[in-house]
Amino acid sequence: MAQITAALVKELREKTSAGIMDAKKALVETNGNMEKAIDVLKERGVAKAAKKADRVAAEGMTDVIEAGNTAAIIELNSETDFVASNEKFLNLLHLTAKVILEHKPADLKAALAIPVEEGTLNDQIVQTSAHTGEKITLRRFNVVEKNDNQTFGVYSHMGGQISVITLLENSDSTTAKDIAMHIAAIAPKYLSREDVPKDVVEHEKSIQMKADDLGNKPDNIKEKIVEGRLGKFLDELALLNQPFVKGEGESVAEYLKKQGATIKSFIRYQVGEGIEKQESNLADEVAKQING
């Protein structure tokens, strides 16, 4: 039997917004398996939608820029948000975006080797890290290119916590930016329903089929109910099916059709996606409530 620690309960609560005892019970039932515990809570309707499973956990900043037919988006991480707002960190952030846009490196190794005024980009990162006293890393970047018939939409949100690039055809810059703003706010995972991997759909279906509220309903009724829920699940994940944030009930697809535009791709960065933070004092608070 795995030991159910306060830290484990805390992590599950952060991912699902479940209560302390619900989280502890799910972990006990699944012998401490985090993914299975999340599924158990979803089946019982205790967990929030899957968005909570992707809690942001690191500090730093994103940046996005464009010039001509090229756009670049980057994420630079620090250990604290205090350093992320430091002038030297911000100067490094903008320098990094600028040289990556200019040089279009193939990977992180090539990006860090880009020559700058004083040595390489990596040298600048090390120097800024030494000045701030914190580890600073270039976590990721993307360079996107377009043709003359295409339009970029670039947008940064929450002071650089989120950045987005959209690539549209037959679009003006206002429409492209509006879509980028929508993506920043709503965080779609995929462009369309068809882009959602089959295993993601099947996994969600298996959870919904076990949902407590379906009870002893006949299988054919269960299938219809689950089909409806899967439709809503896919609409939440797929950009084109989401209600457009600046519209009046229309979907993103309907808005784009009205504008005569087509979206080809998008990239959304949010600081710290998928990075584990160090444990905070909240674990101690959870322990007190569990052991009460």
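Backbone N, Cα and C atoms are what each Cβ position is placed from, and that goes for glycine too.
Through the fold, the region 'Involved in Mg(2+) ion dislocation from EF-Tu' (80-83) approaches residues 59, 89, 132, 134, 136 of its own chain, all at least 6 residues removed from its boundaries and within a Cβ separation under 8 Å. What Swiss-Prot lists as region 'Involved in Mg(2+) ion dislocation from EF-Tu' is 80-83, and the listing cites sequence analysis.
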Averaged pLDDT score, the region 'Involved in Mg(2+) ion dislocation from EF-Tu' (80-83): 89
